[in-house]
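This report refers to the structure that appears directly beneath it.
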Amino acid sequence: MFLANMSIEDLLRMPTNLSKSKKRWQSSFCTIYYSRAFITIAQESKITKITPTPSFTVLDIEPRSYYSRIDQEPLIKLVKDKNVDLLLQLGGVEGVTSALKSHSENGIKGNDEDVAHRQEVFGSNTYNQPPTKSFFHFVVEALKDFTILILLACAVLSLGFGIKQHGLKEGWYDGGSITLAVFIVIAFSAISNFRQNRQFEKLSKVSNNIQVDVVRNGRRQQISIFELVVGDVVCLQIGDQVPADGLFLNGHSLQVDESSMTGESDHVEINHSKNPFLVSGTKVADGYAKMLVTSVGMNTTWGEMMSTISRDSDETTPLQARLNKLTSSIGKVGLLVAFLVLVVLFVRYFTGNTEDENGNPEFNGSKTKVDDVLNAVIGIIADAVTIVVVAIPEGLPLAVTLTLAYSMKRMMADQAMVRKLSACETMGSATTICTDKTGTLTLNQMKVTKVWLGHSSIEEGDYRSIASNVLQSIQQGVALNTTGSVYKAAAGSEFEFTGSPTEKAILSWAVTKLKMDMETMKQSFTILHVEAFNSEKKRSGVMMRADSDNTIHVHWKGAAEMILAMCSHYCDLSGTIRALDAEEKMKFEQIIEGMAASSLRCIAFAHKQIPEEDEDGEVPRKMIVNGLVLLGMVGIKDPCRNGVKKAVEDCQYAGVNIKMITGDNVYTARAIATECGILRPGQNMDGAVVEGVEFRNYTPEERMQKVDKICVMARSSPFDKLLMVQCLKQKGHVVAVTGDGTNDAPALKEADIGLSMGIQGTEVAKESSDIVILDDNFASVATVLRWGRCVYANIQKFIQFQLTVNVAALAINFVAAISAGEVPLTAVQLLWVNLIMDTLGALALATEQPTKELMEKRPVGRTEPLITNVMWRNLIAQALYQIAVLLTLQFKGESIFSVTKQVNETLIFNTFVLCQVFNEFNARKLEKRNVFKGILKNKLFLAIIGFTIILQAVMVEFLKKFADTERLSWGQWGACIGIAAVSWPLGWIIKCIPVPEKPFLDNINWKSLKFIRN
């Protein structure tokens, strides 16, 4: 019966999804059928010879891409040209999404294979970096130094004449030694700058590694911007940087700042109909949306532009600029001394007042060989130039570079990423820190701990007592009036919540306690209009239509007192709607104050259904902002961070005022400020706590009068923060400001030091800041303050150390040249001293770590001199001692020690170097007498001191011809060390002498001097 009802064609076209037995039956039938058919044909046609045919068939198959419906080139042009016609040809946004095998809600699959394939076809979201500066580049830069060029010229001339006069075996010593010393200085400078450049590149990579919210396989997650691929669905909100070129999928009130690409300051509205194009590198100014990535990396305009830009690490900081001026001034003095020495030595030589080793005059008119004259002239010029090298404190810029590079590296380990070098040093002068509350002083780990419906407090587990209509309205307001999301991988797994900490706390509460089904809610309503949350209005709203009955609902959520002011009625626990008169409103205000006093953030929910007679079949154009029904309020707890009170106390102890600027209400702000130690028990509260609107409405004179007293500003807007920064700066304060929002950008730029938050901060805030606090912790802000002071202190230590050497070296050489006609220290020896103080000294003193003592001093003012009275006292005392000792050795050393002239000159050289070594210890502490405190913690300092002593011993004992020295006995070494060691007790005694804080130069009446001069 079965076979009877089936034709041969039916049997041949049997489906493939049959059981094994039926498949075998079908195969046998086909074989028999085809065999009989071929035999029949052969017999009928009587074919005697059959032409053989190949047992295979060649097919020309062109491989087709997995994304065959769309090519890369149209995708690139689509957004670059903002071509609407091309978008329509590709089937609109939906067509492009489908062609890229993506989904507007669930995104791409996102597994490793899918991502790798997309990167292979469309490229990765990286751009070609410009070539990095090679080590040779920094060598060339170092060689451009005018003094180095003069030294090299002298070295070449000295080398040439030396070899000609003394032969190759001994003639290369002077020229070769100068060349070697210059080479060491160049190498050290080049290595230092090269390493700093590499460090900047590493910081640049960290800074550019933005975290992006994407949806993959239905799950919202954060990935690195470099992992973004074509087809990804990206979630954007206020302050985000558009990470790639793409198309607008869905969202509300989206406005983009395209000034970075077009130069136009006006915000551009992005929507489905007219302008769905999102350009990489632009910033989201308002609203939120999802976008489809269409081009990445070098296929975007931003990528092309960034590939030609490299981060410049040659930034000159204010301190470096001041030091350059100081270096220039000292250099002029050095040039004057060198010129005088040059003139004196020339006069003495050409007048026959200098003698050779045999006691004969070196210059004897025409009898003196030309080579001898030239050698003498070259030697005199080399001595003069070397004096200039020693006089010019080239180590100061190097010390700043080393200090900043070292502090940047250590600050990175302490959760602070420096974006601008100048911020390192400026932070040390900060007198006021204006800080946010949420996430900076608190943990930013929020949880709903208090719920009020009407005048009733809902305890844990009593949510069943809430009326069903009220519960449903709250669920609607939470599910649809949010930028967060809820994801659950599978049944039995934990919920994952994304969004801001406040959004996550409310979503977690609604899902786990109120049993809200977010997906069901979203599918039951159509969103008509959205007003995104911003820090000025402190609220967000949504207008939506119910799919079941087409009724239109408005939901608002935000700061409790803001929402309360918009309501005319409220719901009680039973769901009854009651009028909200003045008396009832006062009761709610007391509830809000009570929660705020417990350090809770108060969030209220309000709702209104638009009556049918108000609809007229049209959707209202504006959100309703009054006549709402208050549904309920929640209190969100955000505990203070551990250690924040100690950090605040440390800053206050260091003379830095802490001001908390927050969007929370006065009661919450006061409670948190007290808990953190910003407000102290027994403190006069008159004017200490104000609201933003109150501060804003002060007259300029009142603001200037009261700004110092303010410790807490509540319910503040970004404009209020900017206004406070401006007032503080006008009063002479050095202001540091923390910020995380896009609207904080003006205040961050206006402040002397802008500190953005690495976790909660938007990309706009980070780009406007000088330092990024990676862990959003105020304790890290206090650490930055310590490092800032450390940078300044280390520079001052090195200035004192170097100027002591400069003053001593100049004085000794000048006096000896005028009186004796020769300098006691040779060119090689002076260059060695220069190497110690410029490089090794900078490295030793620039790497001192912050100490508690730094936080015991008041902040350094903007106009305070680099060289304080304390430093003048220390360096003048040490320099005078060194001058007195070395000049004594110069004129009386031979008779005191009963040695030859060559040995005496070695004693002078050795004593001078060891004096600098011992004085390096004195420079560690400018004011404290105990210079050895904490020395064992700085292993690098001890290593450099040891290395210097070893090199000095090698110079004296083994490099006789090279360094022009003689070997010293143990007794002579002991004498040198003993003379140099006197600088320790001398330093201790000198520090007992008090000096006024007012700079010495300020005591001079410049007007009187000008009058006398005239």
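Keep in mind that glycine also has a Cβ here, set from the backbone N, Cα and C atoms.
Here the structure is a predicted model, which means the values were calculated and not measured.
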Candidate ranges 781-801, 970-990 [criterion: TrEMBL lists as transmembrane segment]: 970-990
Transmembrane segment range according to TrEMBL, out of 175-194, 555-574: 175-194
Residues of the domain 'Cation-transporting P-type ATPase N-terminal' (89-163) by DSSP state, where helix covers H, G and I: 47 helix, 2 strand, 26 coil
Cβ contacts under 8 Å made by the transmembrane segment (175-194) with residues that lie 6+ beyond its boundaries: 133, 135, 138-139, 141-143, 148, 151-152, 154-160, 162-163, 382, 386, 394, 398, 401-402, 405, 827-828, 831-832, 834-835, 838-839, 962-963
Recorded stretch that, among 146-163, 333-351, 803-821, 940-958, has the most CB pairs under 8 Å to the transmembrane segment (827-847): 940-958
Chain residues in Cβ proximity to the transmembrane segment (333-351) (below 8 Å; excluding those fewer than six residues from its ends, i.e. six or more beyond): 362-363, 376-377, 380-381, 383-385, 387-388, 390-392, 806, 810, 813-814, 817-818, 821-823
